[in-house]
Amino acid sequence: MEELCPKSELPQSVRVNGRFANPWPTWRKWTWCEAFKSLTEPNHSDIPNEEVLNQTLPILKPNFDFDESRISMSWIGHSTAVIHFDGITVLTDPIFSLRASMCQLIGPKRYRRAAATVDQLPHIDAVVISHNHYDHLDVGSVEALNARFGSHLYWLVPSGLKEWMKDVVGVTHNVIELEWWQSARIPSKPDIQFILTPAQHWTQRGLWDGMQVLWGSWTVVGPKHRFFFAGDTGYCPVFKQIGQMYGPFDLSAIPIGAYEPRWIMTPEHIDPEEAVQIHEDIRSKASVGIHWGTFVMAHEYYLEPPMKLKTALKDHNLDENEFIVISHGQTKSV
């Protein structure tokens, strides 16, 4: 077995002038001028009409009748998925709303609806939040989940989000806030360990709150299975360390979309090639591509991520069944 990383070598979250910062040289934040420049570049997303979408990106009715002996993931859309293993059901980065925005009148709009509503979900034990961007943390979705599950639901969030959960959406109970590499267990499922592992990204919801909240990936360890949720990230060396610390993983959810143009997106969003590299770094036995096929978040053709994923797997001499994409509402079991 590969030797674990010494804790002294693990990257810790750092603050610069009161704001969190990425500790890797692979990170660079774009300027506002660069952001506006990127908007002028050709957008090749080319979203077709509903009839074509129903053929190319069908939405299936989820089957939440999980096999208790396996680890399963049902993709709701974008980075939202229902994970079930070892007697626990976990929801990742919930967004069920029409738009990923501060209001439902403007901002990125879904071209594929969520495969299930909050009322159609199975019982959820815990929600893991990777960061506070609108396409990963949605006010209406959090309110709906809180209304349905109440005190039976636990929220695992990065440092700085607990206050937001209380003040903005009124979740005053069962919010567990963690720093990178910290772990927690919930009373209802004490044999399941949640670890906030690092990622290379950033946070912001308003004009002046950039980097005031931490971001990360999630490692969930049960007595029989291990699950990794990458959240939203650029590529950096930390994934090899996560693999050494907690791998191999039975199942992983890794983003494959929203990566063009590369000159601006590289530090914060991996492309399919880098997604395959993370799959190898963390020693994942099986991975599912997320963060694509739902919102237009970048400029690549809407069906390009799975095509490039297949090419990347071939380039890495990996079986194409190791890292797959599934339809909205479909379940992958291992």
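Each Cβ is built from the backbone N, Cα and C atoms, and glycine gets one as well.
Keep in mind the model is a prediction, meaning the values are calculated, not measured.
Here TrEMBL flags 90-292 as domain 'Metallo-beta-lactamase'. What TrEMBL lists as Zn(2+) 1 binding site is His131, His133, His201, Asp232. Summarising the annotation, TrEMBL assigns Zn(2+) 2 binding site to Asp135, His136, Asp232, His291.
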**OP:** Other than His131, His133, His201, Asp232, which residues of the same chain sit close to Zn(2+) 1? List them in sequence order, counting a residue when its Cβ is within 8 Å of the Cβ centroid of the site.
**Re:** Ser130, Asn132, His136, Ala199, Trp202, Thr203, Trp215, Gly231, Thr233, Glu268
Original post:
What number of additional C-beta atoms lies within 10 angstroms of the C-beta atom of His133 (Zn(2+) 1 binding site)?
Top reply: 22
Original post:
Mean pLDDT over the domain 'Metallo-beta-lactamase' (90-292): what is the value?
Top reply: 97
**OP:** For His133 (Zn(2+) 1 binding site) and His291 (Zn(2+) 2 binding site), determine the Cα separation and express it in whole Å.
**Re:** 13
**OP:** By CA-CA distance, flag whichever of His131, His201, Asp232 among the binding-site residues is nearest to His291 (Zn(2+) 2 binding site).
**Re:** Asp232
Original post:
With the Zn(2+) 2 site defined by Asp135, His136, Asp232, His291, which remaining residues of that chain have Cβ atoms positioned within 8 Å of the Cβ centroid?
Top reply: His78, Ser79, Asp93, Ser130, His131, His133, Gly231, Pro255, Ala258, Met297
**OP:** Could you work out which of the binding-site residues (Asp135, Asp232) has its C-beta surrounded by the smallest number of other C-beta atoms within 10 A?
**Re:** Asp135
**OP:** Output, ordered by sequence, the same-chain residues six or more apart from His131 (Zn(2+) 1 binding site) with a CB under 8 Å from its CB, or 'none'.
**Re:** Leu137, Pro158, Ala199, His201, Trp202, Thr203, Val213, Leu214, Trp215, Gly216, Gly231, Asp232
**OP:** Go through His136, His201, His291, our binding-site residues, and report the one whose Cβ sees the most other Cβ atoms within 10 Å.
**Re:** His291
